[in-house]
Amino acid sequence: MSTLIPPPSKKQKKEAQLPREVAIIPKDLPNVSIKFQALDTGDNVGGALRVPGAISEKQLEELLNQLNGTSDDPVPYTFSCTIQGKKASDPVKTIDITDNLYSSLIKPGYNSTEDQITLLYTPRAVFKVKPVTRSSSAIAGHGSTILCSAFAPHTSSRMVTGAGDNTARIWDCDTQTPMHTLKGHYNWVLCVSWSPDGEVIATGSMDNTIRLWDPKSGQCLGDALRGHSKWITSLSWEPIHLVKPGSKPRLASSSKDGTIKIWDTVSRVCQYTMSGHTNSVSCVKWGGQGLLYSGSHDRTVRVWDINSQGRCINILKSHAHWVNHLSLSTDYALRIGAFDHTGKKPSTPEEAQKKALENYEKICKKNGNSEEMMVTASDDYTMFLWNPLKSTKPIARMTGHQKLVNHVAFSPDGRYIVSASFDNSIKLWDGRDGKFISTFRGHVASVYQVAWSSDCRLLVSCSKDTTLKVWDVRTRKLSVDLPGHKDEVYTVDWSVDGKRVCSGGKDKMVRLWTH
C-alpha cells in the first residue's frame, strides 16, 4: 500500500526552521574569485573566475561542466576546499561545499570575499543511476519470511536471498526466475554474502553453521563450516587486494556465541578464533588494511589484527547499549573488489589484485585521507564516528534518533553516512565529521535497512510499513514511493551497476525493481 506522510510534530517543525536560518544570505554579498582544481591530478580548469558569493553547489557543477565541455551530458561533481590552520602545526581541514559558497566557507570564517578560493573537484561517479520506479516482478519460491539478500558484485543478473524456510535461493534477475535452491541448513538462513570475486556464496544460519556454494551450479562446496556454538550473525570476506598470491579469499564469521572465526575457504579449516566479547557479536567487517572490526551486544567495538593471528589491538567503548551494526567508509570498494559498474572481469589474479587495490585507494583518496573511517549504530539511539587506526576515542557522537538505530551505511564515496531507525526516520550525516545534514521522513513504521546507489545520489529504504522508498540525496526529498509488498520488508539491496533493486520480507516474495 502507498503510505501517507504523517503531519509534522513540534520537534520536526523546529528542525525544519534550522536550514532556513542558515540559508539567509546578505543582499550586499560581493562576487568572489574562485578557481577549479582536480583533486586527483591537481590540474586547474579555466583559470580564475568571478562568481556570486552565494553560488550554489549545483551552479558550480553547471559552470564546471561548461568549462569541461560536458554540458550536454553533465557529470555530477563534489566540491571541497582545504583550509590551513592559523599555526603551521595546525592540521589542514577539508571543508565540503554542501549548499552554497557563502554558508560553507564565508559565513563560518574559513574564507573572506577578498580571498581567491581554490575549489577541489572530484566526479561523484563515472555513470548516472536512474531511480527505480516500478516493480518489474514479484517472484514466489521461498516458503517463509525472507531475511537477507545480496546482488553479485559484478552483475545485476544474479542475486541471492536467505529465508526462514532454511534455504537460500539464487535468482536470475534477467528472466526473473529462480535458478537454484541452496538446501543444507537445518534452521533459518540469517545472512548471505558473495565473495568479492563473485565465485562463491557464503550463507550463515541459525543452525550454527556456515555453508559455501557455487553460484553457477548451486552445489554446496563440501561440508558445512562448524565451530560456532550459537547462530551466525554476519559474514565478511577478505578483500581481494589482501589475498596472498595463489590463495582464495578467507571468510570471517561472527556469532551469537560472542566469537569471531576466520575460515580458510579452500581447506575449510578455522584459522583463528577471536574471543574477547562478552556477549553476542552482531556485526563483523573485514577492512582494507588487514584489520577486522566487530560490534557486539557487550556495547563495545573491537579491532583485530589479522596479520598478528587475530590479536585484539583496540577496544572502542562509548555506546551505552548494544551495538547493532557498523559500516566502513570503504565498504563499497571492498564489496566490488576488482569489478566496476561495467562488470568487466580481470583476466588474471594479479590483474584483479591490482584493480582491487586501485578501487580501494581511489575511495580512500576521495574521502580525503588514506584511512578507513567507521561508524557504529546502537540501541542507545546514537551512532559514533571513528578513525580506528588513529584513536580509541570517537571523532563524533551522532544524536537525533528517538529510538534504536538498526542499520547504518557509508555512501560509496565515503562522503555521507545514512542511518535507519525504529523511530520511522532516516538521517543523513557528513561522513568526515559526523555532522547532521538532514532527516528523510515518509515511512510510518520502523525502517529496517537502507542501500545506496553506486553514484551516491540516491538511496532506497525498506520498512515495517510494507513499502520501499527512494530518496534523492541532493534535494533531501522523497523521489519515489514503492508500494507492492503485502507485509513488512526486512531486506533491500541495490545492484552495483545501478539497474535493479531487490527486496524481500514477511510476504515471502522476492521483488525486483527497475526504472
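The backbone N, Cα and C atoms fix where each Cβ goes, and this holds for glycine too.
Residues or ranges marked as region 'Interaction with MDN1' in Swiss-Prot (evidence: experimental evidence): 20-128. Mean pLDDT, taken over the region 'Interaction with MDN1' (20-128), works out to 79 on the 0 to 100 scale.
Sequence annotations record features per position, and here Swiss-Prot assigns region 'Ubiquitin-like (UBL) domain' to 29-125 based on a curator's inference.
Per Swiss-Prot, repeat 'WD 1' is recorded for 141-181, and the stated evidence type is sequence analysis. Residues 187-194, 196-198, 201, 203, 205, 207, 213, 215, 217-218, 335-337, 339, 343, 345, 490-500, 502-506, 508-510, 512 of the same chain, all 6+ positions outside the repeat 'WD 1' (141-181), place their C-beta atoms under 8 angstroms from a C-beta of that stretch.
Residues or ranges marked as repeat 'WD 2' by Swiss-Prot on the basis of sequence analysis: 184-223. Proximity of distant same-chain residues to the repeat 'WD 2' (184-223), defined by a Cβ-Cβ separation under 8 Å and at least 6 residues beyond the stretch ends, is recorded for 144, 147-155, 158, 160-164, 166-168, 170, 229-237, 239-240, 248-249, 251, 253, 255, 263, 265, 268, 334-339, 352, 356.
According to Swiss-Prot, the feature repeat 'WD 3' maps to 227-273.
The annotation repeat 'WD 4' is assigned in Swiss-Prot to 276-314. Within the same chain, residues 230, 233-239, 241-242, 252-260, 262, 320-328, 330-331, 333-334, 360, 364, 371-372, 374, 376, 378, 386, 388-389, 392 sit at least 6 positions outside the repeat 'WD 4' (276-314) and bring their C-beta atoms closer than 8 Å to a C-beta of that stretch.
Look at Swiss-Prot and you will find 352-396 tagged as repeat 'WD 5', backed by sequence analysis. Taken residue by residue, the repeat 'WD 5' (352-396) breaks down under DSSP into 15 helix, 10 strand, 20 coil.
With DSSP states grouped into helix (H, G, I), strand (E, B) and coil, the repeat 'WD 6' (400-439) comes out at 0 helix, 21 strand, 19 coil. Per Swiss-Prot, the feature repeat 'WD 6' maps to 400-439.
Per Swiss-Prot, repeat 'WD 7' is recorded for 442-481. Helix first, then strand, then coil: DSSP counts for the repeat 'WD 7' (442-481) stand at 0 helix, 22 strand, 18 coil.
The repeat 'WD 8' annotation in Swiss-Prot covers 484-515 and is backed by sequence analysis. With a threshold of 8 Å between CB atoms, the same-chain residues lying at least 6 positions outside the repeat 'WD 8' (484-515) that come near it are 127, 129-151, 153-156, 159, 161, 163, 169, 171, 173, 176, 335-336, 339-343, 445, 448-455, 460-464, 466-468.
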So are the repeat 'WD 5' (352-396) and the repeat 'WD 7' (442-481) touching or not, going by 3+ C-beta pairs under 8 A with a sequence gap of 6 or more?
no
Please report, as numbers and ranges, the same-chain residues at least 6 past the borders of the repeat 'WD 7' (442-481) whose CB is under 8 Å from any CB of it.
1-6, 58, 76, 124-125, 127-129, 131-133, 332, 341, 403, 406-407, 409, 411-413, 415-416, 418-426, 428, 487-494, 496-498, 501, 503, 505, 513
